[in-house]
């Protein structure tokens, strides 16, 4: 709306549900309660325009720009290299800006808290925090002190001295840790900020009048008095009350719900107050959660501790409640009345018996939040005409204790899996229970109270016997059906017991202290149990980034090797960078919304557009019959632009609706009615194996004599591992704007794509015209990661058909849920292995089979499987190998390229059997890994010789810089002293082959225009998606031509400048495009030589009036699978990472404590970009291996659509200590200026986090007497971690499940229904 109404496109739409923060703006208003002007961040995608009356909105354009002056919040994120693709940058800038407007000198905890509602998929977050650390009160002091105290690892010369490792000189090498200079930052001057509009202050002093806004389908009424509000509610009993719109907005946008009447009580004084009473603190129901947090924090600081037990529990839940943007607008009353069964706060209110004041035209009444308050799913005891007026949170009493717990997939900004509030009151001066309330969310359709358990615990002493009985009672009362919505049944049941155990220990600890030792309670609490009572805490991030400085004497204008800022960073930070959907709207432009299948496998019986045609603004419906060319498309020609007779996945495109606006188009698309005849879907890899549903091409790589190797081995171990898929979650979803030119079939398309050539080819094919009539243009992308290499074409072809049919420009940008549904992601893999090895852990023989879930079409699945097979060895020398790769055909959206392209899956399974070998041999894992590493000159299993093999160097440097062996001892000691918290550590290498494995793709072109004023326009075949490719290419051209980077400009990538380009993928773009740019520059220089000779004293501007085009192809690449010979890769990029984690054995939570990475990127073209790519890939890998889980129904319907259900890493998920070092003195002769590819290789290093978790789990299992290898599938979610930490609670739940199953079978009832969700697909 900001774009359409006022032309401001800096505020981005990333999800439409307040989950990514890309749309963050600052809201300013005069607050009548606090009697001052307040500033706070909010999500523009959810904030209703109707609610902006008397409010000022500041967007990223309003605080600074590149034409005049950047605001310090913009400047610092740009110069600290915190902006890569830039799509998330404006939102992050505005979160920081809003914090600075409300808190002039924030501390680091407040800064990190401000970003809880922001996501970034590119940077790995570290540079953002590093840049904004400079705003903190004590910038870096605490960070330095930690290194002084711990004396562990490198400090990056922050704590300098004669023994500093950075003062040790390597031959001809200077080491630096300074990617930017904070001294260059302009100071923050609060007096220069825009003032609050005086006219709004003037209006605020005047009496409010009732407002009413009427739209096509919704009426918004904003009353000014309580009498008006209750009268309206009586008149419209089904009307929704909306304050922050954080729930209703999502329901209307994503769940297709319609509320014809909305009442906004933001101006009602009786609903906007805070009052301290004798019983507690009363809040008006419209008070925001941020205000509640502020008031309760003050109360906790000022009141006696015994009175604030409930307050502290509420604050603990609010600490992890959504993001700050949501808490700033969401109301306390709205949270209660939403009646979510997984509410964070409602269990606390129920356990504390919070008092509610209700109002209607009949008057007021008081209600208690107890077990009767919620009457059903999303229902309460309130009458339709009643409203919630206020909420009174009670003080706690002496002898009363309260705790609240929440477990989610991700710690920050995530919905709960299970949440609870627990309260116990003891008889005076005793540990005998007088009253107890245990309330849970996530265990039923409503928030529930464990009534039976509570009744049986009254009058009991607080001891181990009570704890044991309580667990048995809770396990029985908090039961779940195997088919319970949400799945994770065992995990949820275990959590109810784990939470109570934590509560039991917490209360026991407090009791032993407060009864003044007149008891033996302290003896009942072993010291090893104390850490189980600690609340989740994460230290502020500390980091070191080391790289090799350019040699002395390198010309200042030669920027190669220097940490040059991303050349678009400033524009991105100001909201000036143009993305596909930012292109101004054309006259008569139409909007297209896709109509997709709701069935995974079915025949289409009929498509009815009658109802859609009645929607205002409807233009037409397009389908297969409207295609002028061919409906056949796809990399293997096994797809269709539109489904014609049969759909083969949920999300299969059937048609599209064109209308005059996006809103009308969406409404009309939802009104299209489709009838199906169901066919049986295949969803999982296991189902595909059972039904032999495979794509035809099966790959094998064999070397040596596997059987002989097994015979000569001391041990043979068999196992399997499942690796889940991953959504790309680029912040900018797929987008295309198609503009028909009106003659000869010409069409111009602006597309967010990594692959211009295939987009051009597929559009030409569907329109039935030659490729020379189709122009594809790409300015930049808001992230890609492989997801826009081929799958953008499923949208671009549809939009092209729409533009052809109507003759008008057509635009379509997918909503986040659409994008996740239809565009596919990383291939899930199932690896089955048999490995033979000696007593010392040396591997002799490996037999391995890989199965991937390809989805409903081939796409790039064969290439992904081939790379997985090429990387099945990771960095280990295996004498005898037999491998098989099969792609499963299923009824899911086709999976596709993703950063790593099968390599991470192949290496992950290698590390799985390597870890099992170490456990079986009883040897340290790092010892076994090192023993099996390749050496220089070894042949891989595909017979390519390893040259310049630096893994051994990386390994030794990583061991040293991480202080591995000393920390290993500390971890072992920690694990001996703590039963319910365990730490683990792992060091993992990587060897990643660089090249397209399809040889002809290893080529690139570059076009150089040199204008008469000396300026240079550079075009090459690569696209910019945040990886800094354009920046590096300008650095290459600058060095080669010997001119400043300021004279060189890259406008865009297009098919009419550099034709037949390879996709920007496989990490080779800097290599191939860099060499093409270099060669084009050399051609220019040769042509200029006569002019230089005739005018040797002339300037660059005197010599130039010329252009050059150069095509480059890398020779001698190719591999024959049948003969197992050839050279599939030009070279390899190497690295090693060491990670340490801490897990909570009771909940499955984990913290990433520290990671040290040593990465060989050759001679870096740009250390800032290469370190940024390393960190970004690593954090994306943390998501792959520990967080991101795609869940499907048995019918193939994707549940995890959007950030509400699908969790990528957030700011708080990165290691607290994050150290990255680029290996020195390792030039690569096979790429431009001795550099190496860096985009994909570091991703797999995040497996070190996974295997550190597995190491920690092993310590927990050992406490239960389990020491054998165990299976842990990826991702290592809290569910998998908790279930693997076998203990009395998991055994109790498993026993009860087995008992219930036996009871069902004994009573000859029907077999249990299937789980409602599918993980392994």
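Every residue, even glycine, has its Cβ placed from backbone N, Cα and C.
Those TrEMBL annotations? Automatic predictions, nothing curated.
Going by TrEMBL, these are the annotated features:
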- 1-16: signal peptide (SIGNAL)
- 15, 20, 23, 45: [2Fe-2S] cluster 1 binding site (BINDING)
- 85, 88, 120, 122: [2Fe-2S] cluster 2 binding site (BINDING)
- 213-398: domain 'FAD-binding PCMH-type' (DOMAIN)
- 241-248, 321, 331-335, 344, 388, 406: FAD binding site (BINDING)
- 754, 785, 899, 1066: Mo-molybdopterin binding site (BINDING)
- 789, 867, 901, 997: substrate binding site (BINDING)
- 1240: active site, proton acceptor (ACT_SITE)
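Ranked by Cα separation from residue 785 (Mo-molybdopterin binding site), the binding-site residues 20, 85, 334 are led by 85. Taking the C-alpha positions, the distance from residue 388 (FAD binding site) to residue 45 ([2Fe-2S] cluster 1 binding site) comes to 26 Å.
In this structure, the binding-site residues under consideration are 15, 20, 120, 1066, and the one with the smallest number of other Cβ atoms within 10 Å of its Cβ is 1066. Residue 1066 (Mo-molybdopterin binding site) sits 8 Å from residue 901 (substrate binding site), counting Cα to Cα. For residue 241 (FAD binding site), the nearest of the binding-site residues by C-alpha distance turns out to be 45; the candidates were 45, 120, 754, 899.
Of the listed recorded positions 247, 789, 1240, the Cβ environment within 10 Å is emptiest of other Cβ atoms at 247. Cα separation, residue 899 (Mo-molybdopterin binding site) to residue 1240 (active site, proton acceptor), rounded: 5 Å. A separation of roughly 21 Å, to the nearest angstrom, links the Cα atoms of residue 85 ([2Fe-2S] cluster 2 binding site) and residue 45 ([2Fe-2S] cluster 1 binding site).
Note: the Cα of residue 867 (substrate binding site) and the Cα of residue 1240 (active site, proton acceptor) are spaced 12 Å from each other. Of the candidate binding-site residues, 45, 88, 997, the one lying closest to residue 334 (FAD binding site) when CA atoms are compared is 45. Largest Cα-to-Cα span within the substrate-binding set 789, 867, 901, 997: 16 Å. Cβ atoms within 8 Å of the centroid of the Cβ atoms of 85, 88, 120, 122 (the [2Fe-2S] cluster 2 site) belong to the same-chain residues 83, 84, 86, 87, 89, 121, 123, 731, 782, 783, 1026, site residues excluded. Spacing of residue 23 ([2Fe-2S] cluster 1 binding site) relative to residue 331 (FAD binding site) is 20 Å (Cα to Cα, whole number). In the predicted model, the domain 'FAD-binding PCMH-type' (213-398) shows an average pLDDT of 95. Of the listed binding-site residues 244, 334, the Cβ environment within 10 Å is emptiest of other Cβ atoms at 334. In the structure as shown, the Cβ atom of residue 241 (FAD binding site) sits within 10 Å of 22 other Cβ atoms. Taking residue 88 ([2Fe-2S] cluster 2 binding site) as the reference point, none of the recorded positions 15, 45, 331, 1240 has a C-alpha atom within 10 Å of its C-alpha.
The binding-site residues considered are 785, 901; of these, 901 has the fewest other C-beta atoms within 10 angstroms of its C-beta.
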